[in-house]
């Protein structure tokens with residue numbers, strides 16, 4: 001246990017070795033801006049201390065941290081440094097405890113900052129006493145620690161294909177969530193026992209290389225090579241991409257259905273919101289950035305750029321359109337309200353044009369500054385290509401019928417602008433500027 005600090009230092013260097021102090025300053029500045037923004041939202045919403053006692057607050061904290069840690073750890077196991085870590089004479093328990101701290105700082109803090117700002121804000125305006133503030137900060141901190149450790153346990157069992165243990169820990173977590181809703185007094189003791197189990201029994205055996213890829217991976221390797229199959233192979237084998245896409249599809253459907261039920265948005269706007277939420281899903285849009293390690297090989301092979309681009313576009317647009325159709329069918333079935341033909345065509349145009357723009361933007365300005373996939377998925381740069389899609393949504397203001405003609409024109413103008421930019425995935429002269 002005495003080597004936790006050196007391991008933690010190495011893990012932080014693995015994430016931030018290229019930028020160093022610049023990354024630290026950028027993260028600190030981002031947290032300050034986020035804190036100011038969230039304080040403004042709390043003030044505008046008039047949130048009081050009664051919100052702290054709501055069950056959904058604890059459940060949101062648990063689920064959010066678990067989801068983010070699960071994505072991070074499953075992506076982490078794909079990195080080469082993890083194979084080296086398995087060979088080094090270091091304590092497995094110390095490694096994963098140190099990794100839990102790194103995950104909190106790098107992945108969870110900015111997503112769950114609200115839970116720590118809220119008690120401090122209420123203390124600042126005199127709503128909470130000092131003792132109450134410490135109580136809520138301690139409570140949220142405890143559940144943060146629990147959810148991170150649980151996420152590490154769940155993701156390791158998933159990666160190592162320990163299905164029985166995966167289901168067992170998932171069942172315990174379900175009991176924790178039920179306890180938080182029905183028996184709050186039993187929640188913390190149950191979490192404490194689960195933490196001890198994870199740290200004492202599971203953590204010491206987690207620093208072992210996972211088994212090789214399964215049958216799907218072998219089938220794809222034996223099949224005739226094509227970039228389209230290659231994208232599907234990557235998507236199926238990448239837990240981060242697969243889970244992020246599934247969660248975003250579920251969230252977009254749930255969020256839109258709630259907005260429709262409360263009457264905040266009308267039916268037409270709801271389906272546009274679904275399109276926007278699906279389009280913001282970034283891991284499946286960074287199909288050139290993810291090729292960083294294979295870039296030089298792809299450049300030297302006799303490959304037509306258009307062949308690669310259209311294969312990636314077919315994959316990406318197919319995922320977006322398929323997800324949209326599924327969400328629309330479920331929302332329409334539950335609400336009993338079907339989507340109009342014009343709105344359906346409008347949303348499909350948004351998705352197809354948005355996919356083309358995001359993919360073109362990623363080809364012309366790929367992000368090669370990452371060292372691990374975890375950095376690519378969690379960095380703010382993943383949303384850069386989404387900004388070019390915003391004019392498409394402005395075109396909606398022209399009305400449904402008119403926007404059907406305006407959206408393709410706006411998309412072509414944006415793509416033309418992007419293609420006129422210097423550099424790109426295949427431009428080796430811009431190698432340093434792209435960060436490769």
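Cβ atoms are placed via backbone N, Cα and C, with glycine included.
If you look up Swiss-Prot, you'll see 27-47 (among others) marked as transmembrane segment. Here the transmembrane segment (27-47) has long-range neighbours at 109-110, 113-114, 117-118, 121, 380, meaning same-chain residues at least 6 beyond its ends whose C-beta is under 8 angstroms from one of its own.
Taken from Swiss-Prot, the feature transmembrane segment applies to 55-75 (among others), supported by sequence analysis. Counting same-chain residues at least six beyond the ends of the transmembrane segment (55-75), those with a Cβ under 8 angstroms from any Cβ of the stretch are 99, 103, 106-108, 111-112, 115, 140, 143-144, 146-148, 150-152, 154-156, 158-159, 173, 176-177, 180-181, 184, 187, 238-240, 243-244, 247, 372-374, 377-378.
According to Swiss-Prot, the feature transmembrane segment maps to 113-133 (among others).
Taken from Swiss-Prot, the feature transmembrane segment applies to 134-154 (among others), supported by sequence analysis. Counting residues 6+ beyond its ends, the transmembrane segment (134-154) has Cβ neighbours under 8 Å at 52, 58, 61-70, 73, 96, 99-100, 103-104, 108, 112, 115-116, 118-120, 128, 166, 169-170, 173, 176, 188, 191, 194-195, 198-199, 202-203, 206 in the same chain.
What Swiss-Prot lists as transmembrane segment is 164-184 (among others), and the listing cites sequence analysis. Beyond the ends of the transmembrane segment (164-184), by six or more residues, the same chain brings 55, 58-59, 62, 66, 146, 150, 153-154, 157-158, 190-191, 194, 198, 202 to within a C-beta distance below 8 angstroms of the stretch.
The transmembrane segment annotation in Swiss-Prot covers 187-207 (among others) and rests on sequence analysis.
Look at Swiss-Prot and you will find 240-260 (among others) tagged as transmembrane segment.
Swiss-Prot lists 270-290 (among others) with the feature transmembrane segment, giving sequence analysis as the kind of evidence. Residues 231, 234-235, 238, 240-241, 244-245, 248-249, 251-253, 255-257, 259-260, 312, 315-316, 319-320, 323-324, 327-328, 331, 339, 343-344, 346-347, 350-351, 354-355, 358-359, 362-363, 366-368, 370, 373, 376-377, 382-383, 385-386, 389, 393, 396, 425 of the same chain, all 6+ positions outside the transmembrane segment (270-290), place their C-beta atoms under 8 angstroms from a C-beta of that stretch.
Per Swiss-Prot, transmembrane segment is recorded for 315-335 (among others).
Sequence annotations record features per position, and here Swiss-Prot assigns transmembrane segment to 395-415 (among others).
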